[in-house]
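TrEMBL annotations:
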REGION    24-61  region 'Disordered'
COMPBIAS  43-52  compositional bias 'Basic and acidic residues'
DOMAIN    151-209  domain 'GINS subunit'
DOMAIN    232-300  domain 'DNA replication complex GINS protein SLD5 C-terminal'
REGION    252-273  region 'Disordered'
Amino acid sequence: SIMADLSNLLENINVVDNILNNDKTASHTVPGGIETDASTTSDEAHGKENDHQSMNSDDEENYLKKIHPSSQSSSTHHAIASFNDLEYEHLKLLWTQEMACPELLPYDAECVDYHLSLLRQKEEEIDGHRQSLAASENDPTGMLESLSCSVERMECDRLRFVLTDLYRIRLQKIEKYPLNSINQVDRMGQEEVAYLQQYGQLIENHFHRSVLDHLPKRIWRNLDDPEMIDKPNLEQYVFCKVVNDVVIDERNKDDRQNQNQLDDIDDDNDEQNEHVAGSSLIGRYSTVRDHIMEGNIILLA
């Protein structure tokens with residue numbers, strides 16, 4: 001029966017295509033309920049459709065201008081219509097960076113909040129369209145719009161997956177290194193800080209009941225010493241791509257610290273290598289950490 005339904009759907013689509021081809025100047029409705037002329041270009045129709053994705057928020061407009069500084073439009077509607085792919089690529093970059101990084105990266109509240117708002121609004125629009133189309137299942141135009149809603153629903157599912165996995169990776173790092181994460185609250189969102197507090201309280205209560213209450217206080221008071229706290233391995237090797245020309249110090253952490261303590265520093269150190277933009281490299285995370293935070297290097301997952 002599924003193949004039969006698909007066959008009927010394709011026949012209805014062909015009927016609509018024939019109607020549109022025979023009357024190119026006729027007005028019709030594109031997915032999203034926007035009236036447009038048949039001679040309207042696909043770019044204009046796409047821009048009008050995406051106008052429905054506007055958040056009408058100053059914060060989101062500022063975020064769009066930050067992602068695409070060349071945009072001079074004061075309207076969030078046009079910015080979303082023109083640069084939707086750019087914002088999604090920025091979100092995917094945050095996702096892959098977090099996936100490849102051994103430590104917790106700074107939380108980009110503007111990007112995440114923007115896409116969460118966009119996702120909620122788009123899902124509400126899709127649900128509204130489906131309810132309005134439920135009464136016109138036999139209408140060929142309604143069938144075409146129903147197919148468009150299904151495609152848009154898949155796009156929403158794709159966006160939801162990226163956001164969910166981004167949160168999953170970040171929470172996994174928080175759970176793995178809870179004591180170390182206390183010193184990195186400036187890299188977290190408000191929800192993540194609240195989660196860390198609740199999770200830390202549960203862990204503390206569990207350890208007290210199972211172990212610490214049965215030990216002398218003089219022993220477990222030293223558990224908060226830096227040497228006793230689990231931390232991510234910053235010396236692990238990572239794959240990177242150079243965005244801007246950089247000079248990387250290839251020495252390990254101890255060698256760099258010893259060198260900084262010397263009065264006579266050799267500026268022509270063989271361990272400092274220059275990497276041009278566009279090149280790729282494999283190195284210890286600690287040697288490229290500062291460049292990653294500055295945006296000169298990106299991690300490859």
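Placement of Cβ uses the backbone N, Cα and C atoms for every residue, glycine included.
Curation does not apply to TrEMBL; its annotations are automatic.
Per DSSP, the domain 'GINS subunit' (151-209) is made up of 56 helix, 0 strand, 3 coil. Mean pLDDT for the domain 'DNA replication complex GINS protein SLD5 C-terminal' (232-300) in this predicted model: 81.
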